[in-house]
Amino acid sequence: CIRFLVFKFFFLSFSAPPPPSPQNTKVWIPDPDEVWRSAEIIKDYKEGDKSLHLKLEDETLYEYPVDQGNKLPFLRNPDILVGENDLTALSYLHEPAVLHSLKVRFLESNHIYTYCGIVLVAINPYEQMPIYDQDVIYAYRDQNTGDMDPHIFAVAEEAYKQMARDEKNQSIIVSGESGAGKTVSAKHAMHFFATVGGSASETNIEAKVLASNPIMEAIGNAKTTRNDNSSRFGKYIQIGFDKRSRITGANMRTYLLEKSRVVFQAEAERNYHIFYQLCASASLPDFKDLGLTCAEDFFYTSQGDNTSIDGVDDADDFEKTRHAFTLLGVKESHQTTIFRIIAAILHLGNVEIQVEEDGDACSISSEDEHLNKFCSLLGVECSQMQHWLCHYKLVTMAETYVKSMSVQQVVNARNALAKHIYAQLFSWIVQHVNKAMHTTVKQHSFIGVLDIYGFETFEVNSFEQFCINYANEKLQQQFNLHVFKLEQEEYMKEGIPWTLIDFCDNQPCIDLIEMKLGILDLLDEECKVPKGTDQNWAQKLYDQHASSQHFQKPRMSNASFIILHFTDKVEYQSEGFLEKNRDTVYEEQINILKTSKYQMVADLFQDEKDAAPTTSMGKGTSKISVRSARPVVKAANKEHKKMVGHQFRNSLHLLMETLNATTPHYVRCIKPNDEKLPFKFDPKRVVQQLRACGVLETIRISAAGFPSRWSYHDFFNRYCVLMKKRDLSKNDKKQICQTLLEDLITDPDKFQFGRTKIFFRAGQVAYLEKLRAVKFRAATITIQKTVRGWLQRVKYKRLRQAAIVIQCYTRGHLARRLAEHLRRMRAAFIFQKQYRMLQILRAFQRVPTATITMQAFARGMFVRRIYHKVQLHGVSFHHPPEVHPWLAGPHLLLPGQGCAKFLQCYYRHMKARQELKALKIEACSAQHLKKLNIGMENKVNKEYKLLNEQLSTLMSSYSSEVEKLKKELAQYQQSQWGDSSQLVSLQEEVGHLQLKLEKANSERKVMEDSYIKEQDLLRRLISDLEEENALLKQEKEELDSSILCQSEDEYARNTVEENIQMRKELEEERSRYQNLVKEYSALEQRYDRLWDEIIIIQEEPGHRRNSSNQSSLESDSNYPSVSTSETADAEDRTQQVQVQSMGHAQGEVESPALQELESENRKLKNELDELRKAIADQAIQNDSSSDIEDNYNLLLNQLKSANEELEVRKEEVLILRAQIMKTAQQKEMATNLVTERVMDFVFLFPLCCWEFTDCLSDAVSALVGSGQQDGTESKAEDWGYLNEDGELGLAYQGLKQVARLLEMQLQDQRREHEQEVEALKNQVDVMKEEQEKQQQAFLQTLERLPEAQVEFGLQQEITRLTNENLVLKELLEKLEKNEKKLRKQLKFHLKKVRDFEATQAIVPMRGRRWREHNVQVAVQRKEKDFQGMLECYNEDEPLLIQNLVTDLKPEAVSATVPCLPAYILYMCIRHADYISDEQKVHSLLTSTMNGIKKVLKKNNNDFQMTSFWLANTCRLLHCLKQYSGDAGFMTQNTPKQNEHCLKNFDLSEYCQVLSHLSVQIYQQLIKISEGILQPMIVSAVLENESIQGLSGIKPMGYRNRSSSMPDGDSSYSLDEIIHQLNTFHSIMCDQGLDPEVVQQVFKQLFYMINAVALNNLLLRKDVCSWSTGMQLRFNISQLEEWLHGKNLQQSGAAQTLDPLIQAAQLLQLKKKTSEDAEAICSLCTSLTTQQIVKILNLYTPVNEFEERVTVAFIRDIQKHLQERNDPPQLLLDFKHIFPVLFPFNPSSITMDSIHIPASLNLEFLKKV
């Protein structure tokens, strides 16, 4: 760990900034364009300096004047704090810091939500964001507000949680300018409440709440220059909840409706949407009589010259509006009237006004088309409306006058009427929307959502802006009080001394507006004056409030006034205030509308005391729509309503009372630019709105106290590096923190110690961060120094060793080369010597030869000359005597040779002497010496000059270089930080290039190897092709056969691909099916709960109800198509009737019902055959796969076998009926015998009373029949004979009484039979309805595509056949029961006949025979070897289920064979199969499954119990398959196991039902385990520090200390998760659960871990850092090691963690260059594009050594990922469950080897 930290600091410190000093401090200075601009101090500031020397971000220098007017600039926060989720986490809290943080989050990270204390700041992105899906709602559900990224869902969740926990009403106040996104934010909040709250009843109230949005948008929203869907009214929606926090209803109040938009729209604006929607749908048949055309034809919709909105379909929106009306229960007639009124308003705007000749009056033509249409649509008299539109009534004390109006007055009156009509219609719709959202369920608490204007200021401000700003003053006051309240609660909770904070109280401004003789009172007073004007009202304001601090009079105007609001000064123009406050509507026009023939129109304009007390206000003529608390008195003058300002003040007071009674939550919507461009940030507009919405006031209030707050634990973890070693040895962290702060911060007022937190003044956290950075920097330098020294030493040793080796080899090489050179030189010298010798020798030899030749020719010439001379002169030449010997010598043979040599020697000797003499003379002369000196001087001078010139040039170049180096040194000193970073980047680039080079070399080698391999491969291929060509040429027939084989292979491949596709579809179908099973189980549980509630409700004194056990068993039926409880009740009643009435009457009553059922069954069979043929034909045409055909054929075979069995049972029933008829005949024959032996029968009556109760009715009928057949004489004789002892009379009287009693019972039973027949008829009707549904499904199948027809048809057919099989099985079981009962009755009657035939025997003999009969039954068989079967008597079956299922604990069988209950149950089932008792088989299996369901329902949170019964259910399923007799399941059986197979019954259908039950148990097991693990995942995987000291905690804001934070420590470690996984694994393995199922369980759990952790990572900025990535990767590796240790690698669980692993790697990778972007894109294949971009946007440095991800890099990532077709979802569905498979797993245990422990109390089971 220490090495890792050293490595981290070493690599991150290369880019560390220089040590902080006053010179490097960053500040904010005002800027006219950007509002605030960042700069850096480059020179220390001293007190008294008049300016600060700054350097801007563009490297320009700037002097900031610091004098009395300008204060010191704001300090800039450390970069690590910029972009925080909560602005209150900033150390320096001021306007530039807030603006910069919002800008960074919005532009660089694309985060539109930011916390500012208790306020959520929402910036409109003008772009659809994928952050409002259902998954995001569930991700924020049950989360603490500060744990997740800021979101409107987080605010809604906090409000919902506080309402449920504190049982106190909540309010969400959404405010902002038009176009800031208020309406969308309010809609998202309501969507959240509707999703998490649900509905308390079946009225779908949450859908109605959402359906009110399109209606209110249609009638209250319009296009403006700032927003295409601007809300032109405010609304407050109260959503009610019950005690279980489920929605019970809603109520809406509206404010500030802009009526003036109905009659006037500015350029590029539109009227309300409903007008254009109605015009777009004018061609519909329902609206033909409205007389509408396009919107351009009407004056009220065409003034803005823009009747359409890009991307908006008005006709489609109108359909949504109508659908919403219908959903809210608005009648069609009312909807028609609404649209008629809207159309009438449009026609009213097109009425033409004609000017009379005098010019003072005007009129309207009676033939005006639009006027007639207006009157007909509203149902009023046209002539009256025509008259009173141009005239008005003047009432005086004496009489009444009717006066004409001018054109302008008529236009104003017409517009006022149109606005009033629309306002009344708006109020009516709001009233009916509230009525539709109201329910009778009692409301326990509510959450209100207020969507209202923010503070407004324009160039021209009028009455509308005055009312809006007045409302915002009230809201700001409430906001300030709430902030102070929270601060006070926090300080008191922590025990911090509470000191009052000075703040800007806006109560004087509110008093100026609403106090007595305030602005509103003076306005109302002036409106009551007959000739009151705006100028007079303004003058009264000047006179009354001139001394007020919040009121000013403009210098250059007498018609305006200035109010100093809490945000800014606003100048209001008084013109139009009186007219807008009066809201003038002529009473005569209203009276005409009251007489409308349409009741709804007349009701709209009734007096306010009878109508809904709502008002509205707007531009031009205004009225506020509120729900008033007191009745409004009608004015006495012509004004239809009382003053608007007074109504608005009352409604605002009511609103403030409501808000003050709730806990408020604030959402401030900000409009980033006026061009509505996506992600464009205009600082001027944003600052203006921040000042107006109170965000900066919140910052100022927070900064005045202790804005920074740290828990002792977090503070210790963050700043432990500043503590001393002796302090760290203490155990009390609180004392350690106190000691540290007292040492570091000398001023005790800068911090306070609370009970659980430390409170800091503004700027102190930045100071601590500075000290921490210095400490880290010093440690980093030390680490760098040590590491670099070590690296350099290692490098030096490596270089030295390398140099020595190089020198060794170099010296050896040089020595060898020198030796070689010497050898070569020696050889060259020898060559030269010999060559030169040869050359000289040859030259020497040539000279003598030439000399001799020359001498010979010369001598010959001389001799010839002498000879010729002698011959010529004839004189003899005489030589001296000395030369005669010489002449006679032998050397004369070479003439001239000696002479030449001699001459040469002499000549050379002479020349040498002359030269020597001359040199001696010259050497002795002075001139020679001078010449020599002159040459030397010249040379010396030249050299000196040259050296001087070189020296001067060197000096100049050196000086220039020195200057240049000085400049470079200065620049280097200034840009040392940049150079260091450049050095780091260069080193990194060098390393990167080296890696690339190595990679290229390796690739080159690989390419060479591949080239060689490919070359060899090509050669082999060429040879093979040549051989193949030869073979093809020789054998053409083989070519044809190979072609055929290839075609077959292609067909096989296609078949394989189709099979793979079908398997995929099968997996999807299995998943859908298991989801349906899950939904079915949920519905079953819901049914159980509802049934329990009904029982509780019905449980009153004197009432009777079933037991809870019975209800639970009845609800746990395995056959959803037939009610088990009803069937059981019907069977019980049938059995009672059959026993009491001998079955005769039942046969007569049931025969019609059976005939009807048989006829219906035949019809269903015929339809089934037809549908089967159709599906088979389609399957053949579409080439269905073999798997589906096998399944289909299997189902058909099962159905055929069931039908055959049904036919057999019917034949048996007919045979039994024939036997019953024969029995009846025998009874008639036996009546005479009964009459004769009546005394014996009476005598036997006391002994066999049990027999008498069953056949008493037959005896009575026999007696009556005998009396009718015999004559009077026989009667007398018999009577006299039997009456001898007087006993027959008494017996006869008793029998008569018994007969009457039985007759009454029979009548009761007959009525019960009739009720049963009715029930059967109802079942027949149900079957008919199912048949019709099947026919409709078949028609739908035929309408689909051929491929879809097969799939859909098979699904429908399988479902229908399964249901029909279940129904037929139930019917078959009933018939079998009847058959058995009839057989019992038959035996009983036969026994009676035999008894009657044996009447001559005495009673003791009969008693003895009866006892012998009993003894004979009780004879025991001879014991044999145990055959693996257990016999369970019918009366012991409930005890078996109770001991083996219901009351069994897993610990009781922990020491036995795993899944012992499953083996015992199978052995009981096998015995029932052995004795061919199908009823017992069915009873055992049904009771077992019902018992398992009951146990699971009771222990729905017990993992051990659920796992135990999942293992036993799977084992029972495997046993039924293993011993079913099917060869496919018996491959691994031993011969002994084959003997234990079932012999008589096919239980494949029960296997399917058991499989369904296993799926339900598996899903419950997953639900339980996920519920245990889910609270631990985030804390253990993301937050827990497995590597201690790696991650640093950043400063937290207000949201992390909000009231929603839970008390106590709920953190978990990874070891706890691993321990829990070990517990799960050991429980499942010990209980014998199949290994394949165990693998699927852990695959599902690891997917859930991955989904929850990744979703939390994607929504949390604080965990997206480099250190968290390292922690996360380490934690994942621990989970992977656990999987490896448990041999679960093949389960696929590790693959489910791939997205989380890639997210961790993404946090750790470099994020700078395009190569890094390519690496990220190639690595993160399991993450979607949105997830990658989201993580990069959330990436936050924890330390100042890390760098942020640039926007350009994120854009580069998006460019690389454009080709991906990723789903648009951001979060993973953590509730997704993989389809489970239960593969067949046979057991090696034989049934006869199983031992049953005595602790199970199963002694009543008999081994067979």
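Backbone N, Cα and C atoms are what each Cβ position is placed from, and that goes for glycine too.
Among the features that TrEMBL reports, ATP binding site is placed at Gly176, Glu177, Ser178, Gly179, Ala180, Gly181, Lys182, Thr183. According to TrEMBL, the coiled coil annotation covers 948-1086, 1292-1392. The annotation domain 'Myosin motor' is assigned in TrEMBL to 82-773. TrEMBL lists 1486-1763 with the feature domain 'Dilute'. According to TrEMBL, the feature region 'Actin-binding' maps to 652-674. Annotation source TrEMBL lists region 'Disordered' at 1102-1156. Marked as signal peptide by TrEMBL: 1-15.
Residues 102, 106, 116, 118-126, 152, 155, 158-159, 162, 166, 168-182, 185, 189, 226, 236, 253, 255, 448, 450, 454, 470-471, 474-475, 478-479, 482, 626-629, 680-682, 685-686, 689-690, 693-695 of the same chain sit 6 or more residues outside the region 'Actin-binding' (652-674) yet have a Cβ under 8 Å from a Cβ within it. Each of Asn124, Asn227, Ser230, Ser231, Gly454, Cys669, Lys671 belongs to the same chain as Gly176, Glu177, Ser178, Gly179, Ala180, Gly181, Lys182, Thr183, is absent from that list, and has a C-beta within 8 angstroms of the C-beta centroid marking the ATP site. Sequence-distant contacts (6 or more apart, same chain, Cβ under 8 Å) of Lys182 (ATP binding site) comprise Val174, Ser175, Gly176, Ser231, Asp451, Ile452, Gly454, Cys669. One residue stands out among the binding-site residues Gly176, Gly179 for having the most other Cβ atoms within 10 Å of its Cβ: Gly176. Within 10 Å of the C-beta of Ala180 (ATP binding site) there are 26 other C-beta atoms, taking all protein chains into account.
Cβ neighbour density within 10 Å is lowest for Ser178 among the binding-site residues Ser178, Thr183. Remark: secondary structure over the region 'Actin-binding' (652-674) totals 9 helix, 8 strand, 6 coil, with classes taken from DSSP. Around the Cβ of Gly181 (ATP binding site), a 10 Å sphere holds 25 further Cβ atoms from the protein chains shown. In this view, Glu177 (ATP binding site) is surrounded by 24 other Cβ atoms within 10 Å of its Cβ, with every protein chain counted.
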